[in-house]
Ligand SMILES: CC(=O)N[C@H]1[C@@H](OP(=O)(O)OP(=O)(O)OC[C@H]2O[C@@H](n3ccc(=O)[nH]c3=O)[C@H](O)[C@@H]2O)O[C@H](CO)[C@@H](O)[C@@H]1O[C@H](C)C(=O)N[C@@H](C)C(=O)N[C@H](CCC(=O)O)C(=O)O
Ligand SMILES: Nc1ncnc2c1ncn2[C@@H]1O[C@H](COP(=O)(O)OP(=O)(O)OP(=O)(O)O)[C@@H](O)[C@H]1O
Ligand SMILES: N[C@H](CCC[C@H](N)C(=O)O)C(=O)O
Ligand SMILES: [Mg+2]
């Protein structure tokens with residue numbers, strides 16, 4: 001059990017009141033989790049200010065308080081550490097508390113608007129196949145070798161994160177592949193970690209509810225490359241115009257991948273069909289099971305990272321060619337009457353456009369595309385009309401519906417989506433609030449050979465309404481509807 005003075009060193013302390021040789025039994029930033037002997041971090045959040053809960057934390061037995069503003073009426077039983085940024089202090093001290101597990105692994109982070117889960121899942125599967133013990137932290141799930149642990153965030157909070165990395169070290173893992181979200185970067189969830197490499201996939205419209213402007217969103221992503229150490233690699237998509245921006249101030253060695261530009265890691269698409277991708281990489285022609293141009297980028301990112309981690313190019317390509325994508329990413333079923341139902345986690349304008357363009361490329365002229373799509377509540381509202389417009393532009397029929405309404409009125413979200421539907425597309429568009437009914441309608445509309453895309457929820461097995469998660473699984477519903485309708 002570490003003492004406060006052992007883990008305080010990297011933190012710039014404004015004022016220390018009380019002894020520093022106190023044993024710390026645990027860390028928490030939530031007074032509801034506070035117990036005897038823990039250190040409580042008062043963090044200013046979006047909904048609340050943790051400083052309001054300092055007294056509750058002390059009542060629950062916390063003996064150390066880390067805060068930005070000292071409370072009135074200090075207790076002589078407690079050590080107070082005043083800092084400039086409690087979230088930063090939390091991350092630095094969490095790394096120390098768990099004895100710096102990120103230094104004992106090759107930790108690779110992936111950031112970008114789309115493709116993070118796909119890349120970390122492929123990297124994890126690849127390194128497992130190559131014989132390594134490896135961990136993964138992703139939106140879908142966390143993994144220590146083959147042991148699956150549930151994930152509540154794309155990037156966990158600094159305490160959970162360091163605890164998971166420590167468990168990976170104890171399980172003998174040599175590598176960990178993790179998603180680094182823009183929220184995590186701004187909130188210091190990954191501060192104090194030692195990365196062996198960082199990957200940038202792309203940056204397009206999302207999360208403007210949180211970051212306010214696109215420039216702020218870019219700045220958040222760039223924080224990741226600015227924090228990489230000199231020994232690490234920074235690998236970016238050079239076809240994205242922000243790829244170069246990410247590399248501007250990094251100390252890490254810089255590397256690029258691309259389909260269009262001439263770069264260190266480069267591929268050419270020979271063929272792109274529902275069977276997969278046929279790529280030429282470094283003079284090798286290879287078939288991959290993954291579908292769509294966007295996955296050619298993901299394959300290149302994973303290939304580049306594996307090579308930069310010292311793996312053999314041929315071995316990497318051989319294993320990669322056998323891998324399938326993460327759950328809920330271009331996940332499809334084909335009915336008895338040859339209707340294809342695709343479930344995909346496209347929940348941003350760019351992802352939706354990419355997945356629909358891929359479907360356009362692989363369909364024959366007689367196959368209709370029927371898209372079912374909604375947008376999440378209490379998240380970026382500006383993407384709603386844009387996503388509806390993209391769905392209409394690239395589909396023959398569209399059923400607008402709900403995603404996770406959370407605490408918003410689902411009809412209001414639908415109204416906002418409808419604002420993006422152009423008059424010319426009114427005839428092809430339906431709006432059905434109930435997602436199950438919407439999927440049922442799409443299945444009823446589908447004729448032999450047609451393609452249904454159910455976008456936005458991918459792997460999710462629930463629908464979140466007013467704080468309650470109800471069972472809901474797009475893929476299961478599509479299958480059930482095909483069976484019920486005898487399609
Ligand atoms: C907007 C956002 O990111 N919020 C995250 C943030 O919470 P917050 O700042 O809103 O917390 P708050 O409710 O204002 O409370 C402030 C402080 O008071 C404390 N508190 C509060 C109440 C109380 O009784 N006692 C108490 O001590 C809280 O523990 C907190 O420390 O910090 C929390 C702890 O790390 C996160 O759980 C929480 O994620 C919320 C649930 C969330 O939905 N986040 C999403 C948007 C998110 O992070 N998404 C990204 C993925 C994005 C992508 O797709 O790229 C992710 O990495 O998952
Ligand atoms: N490289 C890519 N470029 C653009 N779109 C992509 C790319 N990879 C995947 N997509 C699309 O984005 C969707 C989400 O992919 P993925 O889950 O890998 O992204 P993510 O970055 O992890 O998303 P999140 O921010 O929700 O964690 C996929 O279902 C697909 O439609
Ligand atoms: N990681 C994404 C998840 C979006 C998934 C979508 N189904 C929704 O609920 O909006 C986010 O936090 O924006
Ligand atoms: Mg993800």
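The backbone N, Cα and C atoms fix where each Cβ goes, and this holds for glycine too.
Feature annotations, courtesy of TrEMBL:
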- 112, 113, 114, 115, 116, 117, 118: ATP binding site (BINDING)
- 379, 403, 404, 405, 406, 456, 460: meso-2,6-diaminopimelate binding site (BINDING)
- 24-98: domain 'Mur ligase N-terminal catalytic' (DOMAIN)
- 110-306: domain 'Mur ligase central' (DOMAIN)
- 328-458: domain 'Mur ligase C-terminal' (DOMAIN)
- 221: N6-carboxylysine (MOD_RES)
- 403-406: motif 'Meso-diaminopimelate recognition motif' (MOTIF)
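For residue 116 (ATP binding site), the nearest of the binding-site residues 403, 406, 456 in terms of C-alpha separation is 456. Cβ-based neighbour count (10 Å, all protein chains) for residue 118 (ATP binding site) stands at 25. When other Cβ atoms within 10 Å of the Cβ of residue 115 (ATP binding site) are tallied across all protein chains shown, the result is 26. Each of the recorded positions 116, 221 was scored by the other Cβ atoms within 10 Å of its Cβ; the lowest score goes to 221.
In this structure, the binding-site residues that sit close to ligand 3, with a C-beta under 6 angstroms from any of its atoms, are 456, chosen from 115, 405, 456. Residue 403 (meso-2,6-diaminopimelate binding site) sits 26 Å from the residue listed as 'N6-carboxylysine', taking the Cα positions as reference. Note on the binding-site residues 379, 406: the fewest other CB atoms within 10 A surround the CB of 406. Secondary structure at residue 113 (ATP binding site), taken from DSSP and collapsed to helix, strand or coil, is coil. Packing around residue 404 (meso-2,6-diaminopimelate binding site) is summarised by its Cβ count: 24 other Cβ atoms lie within 10 angstroms of its Cβ, all protein chains included. Checking the recorded positions 221, 379, 405, 456 for a CB within less than 6 Å of any atom of ligand 2 leaves no residue at all.
Put simply, residue 114 (ATP binding site) is 16 Å from residue 379 (meso-2,6-diaminopimelate binding site) when counted between their Cα atoms. Within 10 Å of residue 112 (ATP binding site), judged by CA to CA distance, lie the following recorded positions from the set 221, 404, 405, 406, 456: 221. Checked against ligand 4, the binding-site residues 112, 115, 118, 379, 406, 456 give no residue with a Cβ under 6 Å from it. Taking a C-beta cut-off of under 8 Å and a sequence gap of six or more, residue 113 (ATP binding site) has these contacts in its own chain: 201, 202, 203, 204, 205, 206, 348, 350, 351. Residue 118 (ATP binding site) falls within a helix when secondary structure is assigned with DSSP. Closest in space to residue 221 (N6-carboxylysine), of the binding-site residues given as 114, 118, 405, 406, 456, is 114, taking the CA atom of each residue.
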